[in-house]
Amino acid sequence: MSCVPWKGDKAKAESSDLPQAAPPQIYHEKQRRELCALHALNNVFQDSNAFTRETLQEIFQRLSPNTMVTPHKKSMLGNGNYDVNVIMAALQTKGYEAVWWDKRRDVGVIALTNVMGFIMNLPSSLCWGPLKLPLKRQHWICVREVGGAYYNLDSKLKMPEWIGGESELRKFLKYHLRGKNCELLLVVPEEVEAHQSWRADV
């Protein structure tokens, strides 16, 4: 199964009185070039100044082959399409860690109150101007809670996509994790990772 746009409870949500438009306090960084990793990080921190392209490029150049978690997925120098190694190192500069989620586990055991946000890597359609090409490429997106609700802050979206509460979020995550080539990172404070308190079953 390939990853396709989330539809889940969208129809139900659209017919309800729950808000669909993004409240003004949500920071949603839009896609520029191949900088989806940068956008996902800034959207997680809800801060346009959390990271810059230059910051991520410095981190990438600092990482040696011996420290690469997945050396076969290295970013091409300077193109901005950074891999998980750069994301993990960038988070560590802010006192956070990325927990790579084992897709065999039930997302129901995630202690959501201890997770700041989620970064997902999933296939996304390529576009040439207004044209959508019949090709897919891996893409980083951010999902996080703002104002008591969870939102998909994919930088390719025109505006944040409302997901809903905790149960809707878990459905969203399950749906995408069933797909091929979809991965999930939990963004948590260092102390949460150290004590594994992102798990509700410990």
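We number each residue from 1, going along the chain as drawn.
Positions of Cβ are set from backbone N, Cα and C atoms, glycine also.
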Among 1-22, 23-44, 67-88, Swiss-Prot lists region 'Disordered' at 1-22
Secondary structure at His139 (active site, proton acceptor), reduced by DSSP to three states
strand
Where does the mean pLDDT land for the domain 'Josephin' (23-202)?
86
Could you round the CA separation between Cys36 (active site, nucleophile) and His139 (active site, proton acceptor) to a whole angstrom and send it over?
7
Intrachain C-beta neighbours of His139 (active site, proton acceptor), sequence separation six or more, cut-off 8 angstroms
Cys36, Asn121, Leu122, Pro123, Ser124, Asp154, Lys156
